[in-house]
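Asks: Taken from TrEMBL, the feature active site, proton donor applies to HIS37. Here TrEMBL flags 30-37, 147-150, VAL176, 184-187 as ATP binding site. Residues annotated as (R)-pantoate binding site in TrEMBL: GLN61, GLN153. Marked as beta-alanine binding site by TrEMBL: GLN61.
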Amino acid sequence: MLILQTVDELKKWVRETKKAGETIGLVPTMGFLHEGHLSLVEKAKSENDRVVMSIFVNPAQFGPNEDFDRYPRDLDRDRQLAEGAGTDAIFVPSVEEMYPRESQIKITAGAQADVLCGAKRPGHFDGVLKVVTKLFHLTEADMAYFGQKDAQQLAIIESLVADFNFPMAIRRGDTVREEDGLAKSSRNVYLSAAERDEAPHLKKALEMGKNLFLQGQDPIAPMTDYLTKNTSGKIDYIELLDYPTLTADIQNDAILALAVQFEKARLIDNIIFNPKEN
Ligand code: PAF
């Protein structure tokens, strides 16, 4: 597996890969890899000739009081996991390499960022759009892979690609879960032992809410009640919206999504379903 640290090294690899007539799948990550990331690599490998993974903790998507400095990092471990999963190259730029100068152009997410995490983390999705735009151009990826756990991110990136005709496809990977239902996340390492025991209740609350909704009831209050009783976390939001428009008017698929703030970890989770097919 190649380790590419600079834009020039990445571009050279892309040039050679394209010259050989091979397609490129991109798995963008912030590292501290888990099975969710590796399942995206697996999907990317099955659909492309070559797979490049970016590992970059992107300062542009963290707010001033968020966890940029203490976001978990372990490049040696990531390198082994990425290689074991069959990644062809990892792109691990420094902040200066990615952002050598102050941007003169701003990319701003639209109304899809006004709800869920976007409403709680102003500017977060603008920062995500900034880095993925650069990664999409630098890697010339034919397909890029994102997990459903970050469903709002996925929907907003799909809009970026559609609105600006990026010559690539965005592919969705299923949320990968621990045996007890907790969605895998790099931030799970921040949970205390007691919080880790409580965390599977997030998925249980989502399932309960979905069933209530399908029975014609408003799920938000019962879910709030359930999470308040079963976890020590503070509920940031619980919302039911259309997916991927993220409007209140559910036409096709629905997303039931929540965020819970534990002492050191803010966990998000969601389920997407078609109310007409359930
Ligand atoms: O989902 C993530 O890990 C990040 O938001 C991403 C897409 C790698 C951009 O920094």
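Start at 1 and count along the chain as shown; that gives each residue its number.
Just so it is clear, glycine is given a Cβ too, placed from its N, Cα and C backbone atoms.
I'd like to know what surrounds each of these features in this structure.
Replies: In the three-state DSSP reading, HIS37 (active site, proton donor) counts as helix.
The local packing around GLN148 (ATP binding site), expressed as other Cβ atoms within 10 Å of its Cβ over all shown chains, amounts to 19.
Counting only same-chain residues at least 6 apart in sequence, those with a Cβ under 8 Å from the Cβ of GLN153 ((R)-pantoate binding site) are PHE125, VAL128, PHE146. According to DSSP, GLN153 ((R)-pantoate binding site) is assigned to a helical segment.
Look at GLN61 ((R)-pantoate binding site): DSSP puts it in a helix. Sequence-distant contacts of GLN61 ((R)-pantoate binding site), defined by Cβ-Cβ distance under 8 angstroms and a gap of at least six in the same chain, are GLY123, HIS124, PHE125, ASP126, GLY127, VAL128, LYS130, VAL131.
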Asks: Between GLN148 (ATP binding site) and HIS37 (active site, proton donor), what C-alpha distance do you get in Å?
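Replies: Cα of GLN148 (ATP binding site) to Cα of HIS37 (active site, proton donor) measures 11 Å after rounding.
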Asks: In whole Å, how far does the CA atom of VAL176 (ATP binding site) lie from that of HIS37 (active site, proton donor)?
Replies: 9
Asks: Same chain only, sequence gap of 6 or more: which residues have a CB within under 8 Å of the CB of MET30 (ATP binding site)?
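Replies: Within the chain, MET30 (ATP binding site) has Cβ neighbours under 8 Å at ILE55, PHE56, VAL57, ASN58, TYR71, SER186.
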